[in-house]
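To start, the structure under review is shown below, and the notes come after it.
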Amino acid sequence: MFPMVTQFMNYGQQTVRAARYIGQGLIITLSHANRLPVTIQYPYEKLITSERFRGRIHFEFDKCIACEVCVRVCPIDLPVVDWKLETDIRKKRLLNYSIDFGICIFCGNCVEYCPTNCLSMTEEYELSTYDRHELNYNQIALGRLPMSIIDDYTIRTILNLPEIKT
C-alpha cells in the first residue's frame with residue numbers, strides 16, 4: 001500500500017484509541033459525582049476511632065510492679081522506668097515512669113506484654129505541641145484519662161464504619 005494510506009489508517013486507529021481513553025476517564029469521573037464527600041471539617045467534626053485504635057498510652061501507677069517488660073519489648077527502648085529496691089520486703093518500688101511521645105511509634109508492644117495491665121491505649125490522638133519537650137509525659141500526665149470526643153457537645157462526631165452493600 002501507499003505510505004500515505006497506512007499513515008492515515010494509523011492516525012485513525014490512534015484517534016479512536018484516544019477517544020476511548022477519554023471516554024473511560026469521563027465515565028470514572030462522572031461515577032464519582034454523585035458520591036458523598038469523604039473529608040470532614042476537622043476542628044468541628046471528628047471521627048470516632050475504632051475500638052483497637054492505638055492512641056496515647058494511659059498508665060496506672062498503682063498497678064505497675066516495675067518489672068521493665070515494657071522497656072524490653074519496646075523496639076526503641078522508650079519507657080523510662082526508675083525504681084528502688086526495697087530491701088526489707090525484697091520488692092521494687094516504682095519512683096518514676098515516663099514516655100516520650102515524640103519518639104514513640106505507637107506499636108502497642110508495651111501494652112500487649114504488660115503482665116499487670118497497667119498500660120492501655122486510649123483514643124486520644126491530638127498530641128501536637130509547639131515544643132517537643134512537652135511530649136515527654138511522666139506518670140502524672142500518663143495517668144490522666146482523655147476526654148471522650150463523644151461527650152464533647154461542641155464537636156460533631158462522625159462514625160467511621162465501612163458501608164455494607166446489600
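Keep in mind that glycine also has a Cβ here, set from the backbone N, Cα and C atoms.
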#### Entry: Candidate from Cys67, Cys74 that Swiss-Prot assigns to the same [4Fe-4S] cluster 2 site as Cys104, Cys107, Cys110
Cys74
### Task
Could you break down the residues of the domain '4Fe-4S ferredoxin-type 2' (95-124) into DSSP helix, strand and coil, giving a count for each?
5 helix, 9 strand, 16 coil
### Query
Taking the Cβ of Cys70 ([4Fe-4S] cluster 1 binding site) as the centre, how many other Cβ atoms fall within a 10 Å radius?
25
### Message
With Cβ-Cβ distances below 8 Å as the criterion, list the same-chain residues six or more beyond the ends of the domain '4Fe-4S ferredoxin-type 2' (95-124) that contact it, or say none.
### Response
49, 53-65, 67, 69-70, 73-76, 78-84, 132, 135-139, 142, 145-146, 148-149
### Query
What is the interatomic distance between the Cα atoms of Cys67 ([4Fe-4S] cluster 1 binding site) and Cys104 ([4Fe-4S] cluster 2 binding site), given in whole Å?
20
